[in-house]
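Below: the structure, in C-alpha cells.
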Amino acid sequence: MPAGETTSAKNVPSRWPPSLLRTTGLGLFSAYFHMTLSFLGQLLDEISILWLLAGGYCIWLPRCYFPAFLGGNRPQFTCLVAITTTVSTFLSFLRPTVNAYALNSIAVHVLYIVFQEYKKTSNKELRHLTEVSVLLWALALSSWISDLFLCSFWQQINFPYMHSIWHVLISITFPYGIVTMALVDAKYEMPDQTLKLRYWPRDTWPVGLPYVEVIGDHKNC
C-alpha cells in the first residue's frame, strides 16, 4: 500500500518490494510468452500469475479466514501457502492443467471472501471498489471465455482481439482487486489507523488506479 504523507516509513517498504518484484516478473514472462507463443512461455506466464496471487494471499488475507489449525499465525500461513504453491508449480510441469485449477480455485476463494466482506461493510468506498473489481473481473473472464470457445467466430468477422481485451481488462482488475483485499485486511488488523482511498493520477478523474494512503501505519502480523 503506497504510504501517505505521514505514514511510518518503517513498515510499508518491507512489504511492497516482493509484490513489486512478482508483478514485474509477471509482465516480463507474459511478454515472453506472447512474443514466442511457446509452451515454456505459457508455463512461465501462468506460474508467475500463481505466485503473484499467492503473495497477495500471504500479505492481505485477513487472519479470520485462516485455517483453524493455524490459530491466526501469519508466518505459518505464509509457509503453508508457499509449500502449496511450490507443489502446484512442480506439478504444472508434469500436468499443465494443474496450474489452471489452482488459479481458478484462488479466484473462487477470493470472490467468496469479497462477497462475505461486502455484506458486512457499510463503507461506501469499499463497497464501490468491490463492485468495480468484480465487474472488471467478470468482463475480463467473459473476454477470455469468448476467445477460448468462439475463436473461429471472431476470426470470421475479422475481430481477433478478444485475447488482447482480456489482457487489458485483467491488468486493470489486478490493482483494483489488490486494493480491495488490502482495505479488507486493514479493517481487521489496523482498526485504529486512518485509511484513505486515493486514485492515481488524480482523485477527481473519472478513471484512475486505486491505492491506499495510510496514516500512522502499523500492521500487527
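Each Cβ is built from the backbone N, Cα and C atoms, and glycine gets one as well.
What TrEMBL lists as Zn(2+) binding site is HIS34, HIS163, HIS167. If you look up TrEMBL, you'll see 20-41, 47-65, 100-115, 135-157, 163-184 marked as transmembrane segment.
HIS167 (Zn(2+) binding site) has a Cβ environment of 14 other Cβ atoms inside 10 Å.
Within the same chain, residues at least six positions away from HIS34 (Zn(2+) binding site) with a Cβ under 8 Å of its Cβ are GLY41. Other residues of the same chain near the Zn(2+) site, with their Cβ within 8 Å of the Cβ centroid of HIS34, HIS163, HIS167, are SER30, SER164, TRP166. Panel annotation: around the transmembrane segment (163-184), residues 1, 19, 23, 30, 52, 56, 60-62, 110, 113-114, 117, 123, 125-126, 129-130, 132-133, 136-137, 139-140, 143-144, 147, 195, 197, 209-212 of the same chain, lying at least six beyond its termini, place a Cβ under 8 Å from a Cβ of the stretch.
In sequence order, SER143, TRP144, ASP147 make up the list of same-chain residues 6 or more apart from HIS163 (Zn(2+) binding site) whose Cβ falls under 8 Å from its Cβ.
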